[in-house]
Each structure stands twice: as structure tokens, then as C-alpha cells.
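Chemist: Mind looking over this structure? Questions follow.
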Amino acid sequence: MFVIGKLVTRQYRLHIRHLINKNTRLNSALSVKLKTANYTSYIRVPWALTLLKRTLHTVNRELDAMGLSPLDPSSYSRPEQAVVKHVDLKLNVDFDNRQLSGEALLTVNVLDSIEELILDSSNLTIESIESEDGKVLNYKLDDPVPNYGSKLTIPLPEPATVDQKIKLRIKYKTSPTATALQWLEPKQTSGKKYPYMFSQCQPIHARSILPCQDSPAVKFTYNAEVTAPEPFTVLMSAIKENGSAKATFRQPVPIPSYLLAIAVGVLESRELGPRTHVWSEKEEIERSAWEFADTEKYLQAAERLCGPYQWTQYDLLVLPPSFPYGGMENPCLTFVTPTLLAGDRSQADVIVHEIMHSWTGNLVTNTNFEHFWLNEGFTVFLERKVGASLISDKEEAHRSRDFSSLLGLQELTETIKLDLGEQNPLTKLVVNLTGVHPDDAFSTVPYEKGSLFLRYLEDLLGGSAVFDDFLRAYLNKFQRQSLDTDQFKAYLLDYFKDNDALKKVDWTTWLHKAGMPPVIPDYDTSMTKAVTALLAKVNDPNNSLDYNDVRIFTPQQVINFLQALIDQDPLPVDRLRTLGDAYNVATSKNSEITYRWLRLCIRSRDESKIDEALQFVNSQGRMKYVRPVYRDLYAWEAVREKAIENFLKNEPNMMHVSAYTLRKDLHLKE
Ligand SMILES: CC/C=C\C/C=C\C[C@@H](O)/C=C/C=C/C=C\[C@@H](O)CCCC(=O)O
Ligand SMILES: [Zn+2]
């Protein structure tokens with residue numbers, strides 16, 4: 001009985017649930033068998049367990065033949081068989097050869113009888129693999145599959161059994177074209193004197209830095225020793241213990257592979273609070289310290305909602321402009337784009353967002369990227385709650401939260417109705433990533449549809465008063481674990497089992513149907529009213545425009561206004577120029593305003609703005625800005641070639657993910 005109890009582990013239960021979710025891809029007889037299974041009986045009846053294991057084995061073979069991991073369609077690894085629990089990394093940073101080299105010592109917990117361990121790798125040169133006692137092991141590195149890398153199979157010297165711990169030492173080198181790493185020339189930095197390197201592992205690029213189970217279903221702790229030449233500073237997504245020639249790091253909280261991060265540059269830091277430093281090149285350090293001075297205040301507000309911050313340190317690193325995202329929630333060290341340095345703290349919401357990932361995403365993690373909304377929808381939802389909690393006037397806080405939600409809805413509507421199309425399967429909350437690279441599925445949908453779903457549930461189930469308690473219970477229950485949407489749903493249904501309102505939730509439509517959300521919350525529209533009125537004024541050519549129209553607008557209202565103009569038919573170019581001059585948008589330092597303004601100019605076919613738009617996409621690499629501007633330029637036939645030419649010239653300065661997605665946006669071959 002003891003053995004049986006052990007065998008039916010949580011991993012198995014997850015595995016079974018996942019297989020059921022995937023049943024459309026399976027032989028129907030097998031999926032029926034799985035669907036009708038009574039798991040309790042498997043725990044009690046030994047023969048049933050054997051049957052289950054045999055069934056799973058057959059199913060696994062079927063999925064294998066399709067090149068899929070049963071738990072994660074984006075990974076070759078087999079976390080239901082064995083999981084990496086800890087990694088000891090020793091790396092040397094070689095700027096001349098654009099290479100990391102060294103070793104990864106993996107500590108693996110065996111969950112089933114196995115004869116081999118399967119890992120993900122991409123473009124790595126494996127030099128040797130040894131067992132703990134120094135025995136050299138054979139391995140097989142399959143031919144690379146574009147964008148997924150190579151399956152690395154390591155036959156074990158002898159079969160391993162349940163609960164066994166094994167250690168494997170893998171000596172390897174990364175490639176200069178590792179998709180997770182960007183190696184910058186000195187001219188791409190502010191100091192112009194030294195090179196720079198940084199990583200972006202989310203979603204599945206960690207495999208290009210180390211051989212690993214590159215699936216968020218697996219969480220591991222890590223220690224690292226990294227050697228870099230003087231005068232470089234090495235930073236990682238961990239607690240920095242020693243900063244000399246050999247930097248050492250410790251990450252005692254288990255993380256998924258996509259949260260492994262490294263940056264090496266000539267950096268300075270400033271203390272912002274008891275657990276916070278900001279890091280950047282010296283040219284940005286003062287501006288960065290000013291822009292992010294309120295970080296500790298945000299951390300405390302986040303803790304009031306979610307409980308103690310578990311990662312000890314919360315540092316920020318302001319990267320060079322080619323960093324492709326607004327922010328990346330690397331534990332202990334959020335990476336941010338320098339486009340946040342607006343000089344007015346107007347993009348603080350991005351910092352609050354990254355802080356909230358310390359709970360949703362980093363502690364409670366989507367089991368694979370089909371359930372990305374559990375990371376991002378929750379984070380946006382919490383970001384808005386915490387943002388509002390910083391406003392002392394209750395009504396104003398409510399208005400402000402709803403206004404941000406309306407801005408989010410505006411972006412969601414553009415994505416679903418104009419960009420992706422309402423029938424597009426990528427507009428579902430839970431997506432099918434079999435054969436779809438997560439970087440191709442990325443959009444605002446998991447962020448905004450996910451957050452809107454949670455807001456709908458909150459309103460339905462009794463408001464913040466009850467929902468905040470649920471959130472804390474959920475975080476507590478799933479912390480340091482990975483989960484899928486069914487587990488979230490089961491937990492919510494159980495938590496609110498006495499609440500009849502739950503019966504109203506149309507789960508299938510919310511989770512599995514494409515298009516706009518089935519219900520839009522009854523948001524407070526007082527802050528959008530002025531924007532709607534201004535839109536009507538601008539659309540009537542008889543009205544003259546002057547600065548007083550927008551004098552009392554917050555930056556967010558200006559953004560809301562510009563976004564509304566983007567979503568309607570283009571204004572005549574003369575009218576748009578008049579508007580730009582009258583409302584001072586053309587000279588704004590806020591990149592959220594600038595990118596929308598340039599989109600409007602392109603859409604109104606203002607030829608005098610083409611060079612400025614190209615200069616904007618060349619000066620920074622935040623995909624949120626660069627992709628829509630390029631897509632708008634592409635849609636303007638007369639400038640399409642010029643836009644493509646500009647892209648090709650600048651492609652060598654871009655990070656992999658930017659070049660990869662822009663090639664698709666511009667309909668160029670990979
Ligand atoms: C349904 C979506 C399915 C899969 C997508 C999974 C991963 C997407 C991958 O492309 C990586 C995303 C990394 C995001 C990092 C930060 C963002 O939150 C930034 C948002 C945009 C910005 O502010 O610049
Ligand atoms: Zn996020």
C-alpha cells in the first residue's frame with residue numbers, strides 16, 4: 001500500500017489530467033479509458049495501478065511519436081518521469097567569442113523507473129556528461145528542430161527507480177547565436193566602451209543557455225559561480241553573494257527554467273530601499289534611481305495584499321534599449337527597458353506589474369505556456385488592485401482601477417477585433433500550443449482577457465472583500481508549485497462551493513472559446529467620459545482644437561484618447577497635424593504616447609513622419625512599440641519596401657525574439 005501511495009504521485013495526477021485535456025490528439029480509445037478512469041480506485045487497487053501505468057506508457061509512446069512531451073508541448077523533457085530539483089552552474093563569460101562555457105551539475109529526483117533522462121538543449125556544444133562518481137556517460141543529441149532545439153537523451157549507467165536521486169555533470173558551451181542571449185557591441189551601450197550581454201529565457205530559450213527541462217512544470221533551486229573579466233559586473237536572477245572576479249549567486253526558492261537570467265555589463269548601482277538596488281550603466285543611473293524611487297512603497301503595498309515577499313532581494317536592472325520587453329520578472333532582479341525612464345514616473349505600473357509576478361508567475365506558475373493567463377492575467381489583475389490601493393481616496397482609487405481596466409479592454413479589443421480576428425484560436429484564454437511556438441502566440445489576450453475574467457469572478461462572487469481572501473488562499477495553496485487552468489478552476493469551485501453565483505459562470509466560453517470575453521464588467525467610466533467627448537470634438541472638422549482640451553488630462557487619459565483614435569478610421573493628415581501641435585503629443589517624452597502618436601501619423605499617411613517612425617524603431621527594441629509601428633508601415637504599400645530595408649539593416653542589432661517576430665510581421669522568410 002505504501003508503494004502504491006507513493007506511485008500515484010501528484011505528478012501522475014497532473015499527468016493524467018493533462019492527457020485528458022489533450023484527448024483530441026490521442027487515440028480515442030485511450031482517451032476514453034483515461035476520461036472514465038476513477039483515480040481513487042487506482043490508488044487502492046494494485047492491478048488498476050498497473051493498468052494505469054501501462055495505459056500511460058502507451059499514451060506516452062503515442063505522444064512521443066508525435067514529438068510531444070505529455071506535460072508540455074514545448075518541451076522534449078519528461079517531468080512525469082524525473083525532475084531536476086537543483087542546478088549548480090559554473091560559467092565563464094567570453095565576450096570575444098560570445099560564449100558562456102562551463103558546467104551544469106544537475107540533481108535529479110526520479111519519479112518513475114527510468115533508463116534514460118531527457119533534456120532540452122538548443123545550439124549547445126556538449127563536451128562531456130559524467131555521473132556523480134566521474135563515470136563518463138554516453139548521450140544522444142538529436143538533430144535540431146527549428147525553434148525547439150535538440151532533444152538530449154542521456155542513457156543512465158543503470159536503471160533508476162522511484163525516489164532515487166541522481167547527479168549529472170554536463171560540460172558544455174553556448175553558441176554565439178544562443179536565442180536567450182544578446183551580445184551587444186560597445187556601440188550599442190550608453191558608455192560605448194565595453195560590450196554587454198543579457199538574457200531573456202521566457203518562454204523556452206533557457207535551453208540555449210544550459211541543458212535543462214525547459215518546462216515551467218519543473219522548478220529547481222540554483223547556485224552559480226560566474227567568471228567575467230574586469231571591469232564587468234555579473235548579475236543573475238538570484239541573491240548575489242560575492243561580487244569579485246568570480247561572482248557567486250544563490251537562488252533558494254525553486255524557479256522554472258524561464259526565470260533563469262544573467263546580465264553582464266559595466267554597471268553601477270544605487271540603493272533605493274532596504275531590499276532594493278537599481279542597476280544600470282553609469283549614464284542612466286541617476287535617472288533610474290529617480291524614476292524607480294518608490295519601489296519599496298510598491299513592495300509594501302503588494303505584501304499587504306499577497307503576504308510576505310519571499311525572494312529576499314528585489315533589484316531592478318535597466319537594460320540597454322534593445323531589451324525586447326517592458327519588464328521581465330526575473331526573481332530578485334527585474335529586467336526593465338530604458339523606455340520606462342520617462343522622467344515623470346508615469347510608467348510605474350510596469351514596476352508594480354513586475355513586483356506582482358513575485359507571487360503570480362514566480363511563486364505560483366503556469367505548468368506550461370498554454371496556461372500563460374494564470375501568470376499574466378493574475379498579475380495584471382493584482383497590479384491594478386495594488387495600484388489602486390496606493391490611492392488614499394476610496395472613490396478615486398476605484399475610478400482609477402476601472403480606468404486602467406478600460407485601457408486594458410481597449411487594447412484587448414484592438415488585439416482581438418483588428419489584429420488577430422475574433423475566430424483566431426490564439427484569442428482563447430487557454431490555447432493549444434501543439435506545434436505553435438509560444439513566441440508566436442504572445443499577445444495581450446492572456447494579460448487582459450485573463451485579468452478581465454478574474455474581475456468578472458470577483459464582482460460575481462462578492463467583490464474584493466471576499467475575493468482578496470480567496471487570492472491569498474490560492475497563493476498559499478499553490479506557492480512554489482506549477483498548475484494548470486483546471487486546477488485553478490477546481491480550487492475556486494471548492495473555495496466558493498457555498499456561493500450559488502458560481503453557477504452562472506460559463507466556463508467553456510471563458511476558457512475555451514475564441515473572441516471577446518462573454519461578459520464585460522460594469523466599469524466606472526467617469527475618467528473615459530472626457531476622452532469620449534474629446535473624440536467627438538476632434539472628429540468634427542468644424543471644431544478648433546487647443547491645449548485646454550487636454551490640459552487636465554492624466555498621461556493615461558491622453559493614452560486612452562490616442563488609442564481610441566488608432567481604433568477608428570484615420571483622421572485626414574492636416575487634422576492630425578493640427579491635433580499633434582495643439583495637444584503637444586508630438587513632443588512627449590512618454591514612450592506610451594510617442595508610439596501611439598507615430599502609429600496615428602503612419603495610419604494617416606503623413607510622409608513627413610516616416611523617418612521619425614524609423615528612427616523610433618531603431619532607437620529601442622521594446623516589441624510592444626516596435627511591432628505595431630512596423631506592422632502599420634508594412635500596411636502602407638508605398639513605404640513597405642523602405643520599412644523592410646530598415647528592418648534588415650537593423651536586424652543584427654536586435655535580440656533573437658524581436659528579429660524572429662518582426663520577420664513574421666513583415667512576411668519575410670526566417
Ligand atoms: C497565450 C500565449 C501563449 C504563450 C505565450 C508565452 C510566452 C510568451 C513569450 O513570447 C514571452 C513573453 C515574455 C514576456 C515578458 C514580459 C511581458 O510581460 C512584457 C509585456 C509587454 C511590454 O510591456 O513590453
Ligand atoms: Zn507580466
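A Cβ is built for glycine as well, from the same backbone N, Cα and C atoms used for every other residue.
TrEMBL labels come from automatic prediction, so no person has curated them.
Straight from TrEMBL, here's the annotation block:
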BINDING   Gln200, Cys201, Gln202, Pro324, Tyr325, Gly326, Gly327, Met328, Glu329, Arg622, Met623, Lys624  peptide binding site
BINDING   His353, His357, Glu376  Zn(2+) binding site
ACT_SITE  Glu354  active site, proton acceptor
ACT_SITE  Tyr447  active site, proton donor
DOMAIN    526-666  domain 'Peptidase M1 leukotriene A4 hydrolase/aminopeptidase C-terminal'
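Would you situate these features in the structure and describe their surroundings?
Modeler: Under the three-state DSSP scheme, Gln200 (peptide binding site) falls in the coil class. A C-beta separation below 8 Å, combined with a sequence spacing of at least six in one chain, links Gln200 (peptide binding site) to Ala180, Gln182, Ala261, Phe323, Pro324, Tyr325, Met328, Phe335, Met655, Val657.
In sequence order, Glu329, Asn375, Thr379 are the residues near His357 (Zn(2+) binding site), counting only same-chain partners six or more apart with C-beta under 8 A. His357 (Zn(2+) binding site) carries neither a helix nor a strand DSSP state and counts as coil.
Taking the Cβ of Glu354 (active site, proton acceptor) as centre and 10 Å as the limit, one finds 26 other Cβ atoms among all the protein chains shown.
Cβ-based neighbour count (10 Å, all protein chains) for Tyr447 (active site, proton donor) stands at 25.
Summed and averaged per residue, pLDDT over the domain 'Peptidase M1 leukotriene A4 hydrolase/aminopeptidase C-terminal' (526-666) gives 97.
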Chemist: So which recorded positions out of Gln202, Gly327, Tyr447, Met623 end up within 10 angstroms of His353 (Zn(2+) binding site), measuring C-alpha to C-alpha?
Modeler: Gly327
Chemist: For the peptide site made of Gln200, Cys201, Gln202, Pro324, Tyr325, Gly326, Gly327, Met328, Glu329, Arg622, Met623, Lys624, how many Å separate the two farthest Cα atoms?
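Modeler: Farthest Cα pair among residues binding peptide: 18 Å.
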Chemist: What three-state class does DSSP give Gly327 (peptide binding site)?
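Modeler: Where Gly327 (peptide binding site) sits, the three-state DSSP reduction gives strand.
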Chemist: Considering only the recorded positions Gln200, Gln202, Tyr325, Glu329, His353, Glu354, which possess a Cβ situated under 6 angstroms from at least one atom of ligand 1?
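Modeler: Close enough to ligand 1 are Gln202, Tyr325.
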Chemist: Return only the integer: C-alpha distance in Å from Gln202 (peptide binding site) to Glu354 (active site, proton acceptor).
Modeler: 14
Chemist: Around the Zn(2+) site (His353, His357, Glu376), what further same-chain residues have their C-beta within 8 angstroms of the site's C-beta centre?
Modeler: Gly327, Glu329, Glu354, Met356, Thr360, Gly361, Asn375, Phe378, Thr379, Val380, Glu383, Tyr447
Chemist: When the Cβ positions of the recorded positions Gln200, Tyr325, Gly327, Glu354, Glu376, Met623 are compared with the atoms of ligand 2, which fall under 6 Å?
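Modeler: The ones that qualify, in sequence order, are Glu376.
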Chemist: Taking only the Cα atoms, work out how far Glu354 (active site, proton acceptor) lies from Gly327 (peptide binding site), in Å, as a whole number.
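Modeler: So the Cα of Gly327 (peptide binding site) lies 7 Å away from that of Glu354 (active site, proton acceptor).
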Chemist: What does DSSP give as the helix, strand and coil breakdown of the domain 'Peptidase M1 leukotriene A4 hydrolase/aminopeptidase C-terminal' (526-666)?
Modeler: 105 helix, 0 strand, 36 coil
